[in-house]
Amino acid sequence: MHCNLLDLQPERAAVVQRIEGGKTLLSRMAAMGFTPGAMITVIRRGDHGPLLVSLRGSRVALGQGEAGHIFVTLAEAKPPASGVASANNFTIALAGQPNVGKSSVFNSLTGLNQHVGNWTGKTVECKTGAFTYKDTNFNLIDLPGTYSLTASSEEERIARDYIIQQRPDLIVAVVNAAALEHSLYLVAEILLLPAPIVLALNMTDVAEQEGLQVEPKVLEAALGIPVVPMAASRGAGIPELEEAILRMSRHELPFEPRRPSILPAHKPVLDQLRDLIGPYVPPGYPEDWVALKLLEGDEELSRLIDASAPPEVSEKVHALLYQHEDAILDIAGARYEWVARVIRAAVVEPQVTRVGLTTRLDRVLTHPIWGTVSLIAILGATFWLTYQVGSPIQAWLSRLLGLLAESMRANWTGVPKWLVEFSAGGVLGGIGMVLTFLPILVIFFFILGLMEDTGYMARAAYVTDRWMHMMGLHGKSFLPILLGFGCNVPAVMGTRIIESPRARLLTTLLIPLVPCTARMAVITVLAGVFFGANAFWIAWGLVGLCLVLLAGFGFLLHHFFFGNEHVPFIMELPLYHLPNRRTIGFYVKDNVLGFLKKAGTTILVASLVVWGLSYFPSGNVMSSYLGQAGKFLEPVGKIMGLPWPLLVALLTSFVAKENTIATLGILYGNLGSLTGVVTPLAMLAFLVFQILFVPCVGTVAAIRQETHSWKWTAASIGAQLALSLGLATAVYQIGSLF
């Protein structure tokens, strides 16, 4: 008897019978393994949150709306299955699904010889590297992580187009040995493309911990391609992978791939499609492969064919695809059957079911109550550790740089006064302000990298999904929002992982309400000066204010401006594993260097401009250009109890939030002197104003880039300006009554 997946009780096994929905949803579900005949078990369910299910050896979080499209029948538990180019400048593409340890493989092969940029014409991060093995040079391209080659996101289009159009000399397909059924689906697709492949069987140590025994030689025979077992996080298997790459470059290894076959029922349809689209297939794309992808519901290729084919041909193609819409799940199901045959031959599962580490941890970390408590505790500990450890180092650096500036002023005799002040106050002040932020940045990104590398970040998205739905978002929106605590710029760019354009736009507009590390550093410094031992609670209270406003505005925008649209949620929850020091080290390095790159340009230039405006024309800040601008704004500051220099500091923070402290340092010399001109209540109003003030210019540029709209960009700036001014005024005026 059929029942809806929503009605399936936890721990009951069932078989997927049918899935309803449009082509986009069916294609996405098929890529994640939801096909008729698949065995599925509900691990956890909540009244309003997503379901956590076990499917094809992986854990997947599934929104209730998506689960409602899946119909299953109960199944009896089954016993575990058992069974036995040129040599130099060789270009390798590293491909794989998310959570297979691809970054560990890339970092182990390239070391420090790597570059991070963007794909041409895209905003998606592109990692390239190089390594030399036995006097042979290899170039390595780290393709974006993707579950399939059906283009439902920009990352998937980039990965697919690179393989097809750039034709790398070799593809290293990285798979997770502990979730082989899921990982091999992408390999089944890559095998259909004209490119040699080496399979990197990664995370074998995790598979052993889960009681799985994978036979690499048997897997190699079943696939017909070289297979290299490895545990990249420990460096195991890297030399063997380098040797396999070298031998493939010299054509010394056999390569006879056993590709998944097409179902007989679909061959006539594919032949018709190929005949129709043949003259209109984009250059470099195999006709058979394009026909198959069209049958799988690939909307990107459908648009390409529509753009080049005559209308009558497009109509025939769409009519044919409409008649065979059920082929999406049939093709995916056939691929998974092929994967299952490979696994039956190469993987020995434990005869005795045991409770693994992931299951034990998820009983707490994905629990509706304890999971939320754990997340709050982890985030609280993150901020506490960041500022408890980082702030003393930051203060020590500030004192050291202050002494250096005083030494320059005392010892640079015979040098024009303006040049001394330019060097000590402008150059050293700007560079010093950047350096003082490094301790907090390093600690924060270390903890964030730790959460991501261990697999916890996906659990955080799962736990927050029910709360995110109140704002018309889902758990995936939590990831870029959390990244916003580091820097709003990559957070805005990170919204690309969200499939729904409406949810992506809403998340983009909300991210500037997240206090970034730079804003938090400013808050920490000024709160420490004015509130002493209570500085931590002031900072944490301001973070809480931002989160309350984020939730409130998200709710209002969702219900009154964007329409009450359902946002789909399908997300894999990877196995927990020990973090990799190299992976986390590179994560910290990339993010900190990205900050320094920005700091080395905009912040330093802004500091010099601020110094010049505060020094000229008279050498006295009160009569300088900056002083004149501040005095013009003085009436605005009075309603918040703020003198004009603090308003000037806010204006310079539009270039970079860090400039607030740099400007105050230039205007007042010593931040401690602020206590003589600003009351604690006025400083509290200033901190509210500062943490909610308009986004920095980098974030504004990112919002414009992601939304492709000046209207939404201006709306974001205007809303935050009004919000910050209104709340800061309210804090001061209400506080003055007591």
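Using the three backbone atoms N, Cα and C, a Cβ is placed for every residue, glycine included.
Taken from TrEMBL, the feature domain 'FeoB-type G' covers 89-251.
Mapped onto three states, the DSSP output places Met203 (GTP binding site) in coil. Per TrEMBL, GTP binding site is recorded for 96-103, 121-125, 142-145, 202-205.
There are 23 other CB atoms within 10 A of the CB of Ser108 (Mg(2+) binding site), with all protein chains counted. For Asn107, Ser108, Thr110, Gly111, the entry in TrEMBL reads Mg(2+) binding site.
Residues or ranges marked as transmembrane segment by TrEMBL: 369-387 (among others).
As annotated by TrEMBL, transmembrane segment applies to 424-448 (among others).
Residues 123-124, 153-155, 441, 444-445, 448, 457, 460-461, 464-465, 468, 504, 506-508, 510-512, 514-518, 520, 550, 591, 594-595, 598, 695-696, 698-699, 702-703, 705-706 of the same chain, all 6+ positions outside the transmembrane segment (477-498), place their C-beta atoms under 8 angstroms from a C-beta of that stretch. Annotated transmembrane segment per TrEMBL: 477-498 (among others), in sequence order.
Positions annotated as transmembrane segment by TrEMBL: 510-531 (among others).
Marked as transmembrane segment by TrEMBL: 537-562 (among others).
Annotated transmembrane segment per TrEMBL: 599-616 (among others), in sequence order.
Marked as transmembrane segment by TrEMBL: 636-656 (among others).
Per TrEMBL, the feature transmembrane segment maps to 668-692 (among others).
Marked as transmembrane segment by TrEMBL: 712-732 (among others).
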* Asked: How long is the line from the C-alpha of Pro144 (GTP binding site) to the C-alpha of Ser108 (Mg(2+) binding site), rounded to the nearest angstrom?
  -> 17
* Contact yes or no, the transmembrane segment (668-692) and the transmembrane segment (369-387), 3+ Cβ pairs under 8 Å, gap 6+ -> no
* Per DSSP, to which secondary structure element type does Gly96 (GTP binding site) belong, with helix, strand and coil as the options? -> strand
* Asked: In whole Å, how far is Asn107 (Mg(2+) binding site) from Asn99 (GTP binding site) when you measure between their Cα atoms?
  -> 15
* Asked: Quick one: what's DSSP say for Ser108 (Mg(2+) binding site), helix, strand or coil?
  -> helix
* For Pro144 (GTP binding site), which DSSP three-state class applies? -> coil
